[in-house]
Amino acid sequence: MGWPHPFSTATQRTAGEDCSSEDPPDGLGPSLAEQALRLKAVKLEKEVQDLTLRYQRAVADCENIRRRTQRCVEDAKIFGIQSFCKDLVEVADILEKTAKCFSEGAEPEDHKLTLEKVFQGLSLLEAKLKSVFTKHGLEKMTPIGDKYDPHEHELICHMPAGVGVQPGTVALVRQDGYKLHGRTIRLAQVEVAVESQRRL
């Protein structure tokens with residue numbers, strides 16, 4: 001009666017199969033892209049893990065260095081003056097030997113000899129002490145004649161400038177000052193010369 005449909009089911013199936021076989025890139029495209037993304041994600045995850053590990057190691061190393069440095073600083077505070085103390089022990093030995101001269105109960109006629117020994121001991125003690133100070137960078141300030149400096153001198157009072165003494169300079173030292181490696185650790189107590197006021 002009527003004309004058969006130009007496209008039968010078989011023909012449609014064949015045509016459909018042909019289409020799918022002719023365009024494989026459309027079917028495979030998304031899966032290749034997904035695989036590439038997955039590979040990239042895995043690579044990035046590995047890099048993140050690697051960087052995290054390196055970061056954790058760096059933090060641990062920094063913490064170890066901080067602890068070691070702190071320990072070194074604490075040791076330096078405790079033992080930093082060890083060499084100075086060893087030298088002072090020698091000074092104490094001399095002082096002890098000198099003091100024994102008085103405690104041995106010398107006869108009255110031996111007082112002169114005892115005093116000579118004490119004087120020798122004190123001279124030796126002073127020389128040794130100066131040597132220890134020099135060795136460790138401790139120096140006594142001798143500011144007489146120097147211009148008054150509030151960073152090095154503690155002003156006790158003023159005194160009239162005498163002959164050969166310039167106003168504003170140190171005229172008398174009441175107590176010696178000391179520097180350690182150039183830094184003032186005790187101010188010298190001084191009297192400073194000023195111009196005497198003339199009476200009108």
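For all residues, glycine too, the Cβ spot is worked out from N, Cα and C.
Note that TrEMBL annotation is computational and uncurated.
Per TrEMBL, the feature region 'Disordered' maps to 1-31. Feature annotation from TrEMBL assigns coiled coil to 34-68.
Using a Cβ-Cβ cut-off under 8 Å and counting only residues 6 or more beyond its ends in the same chain, the coiled coil (34-68) has no close neighbours at all. Per-residue pLDDT, averaged over the coiled coil (34-68), rounds to 94.
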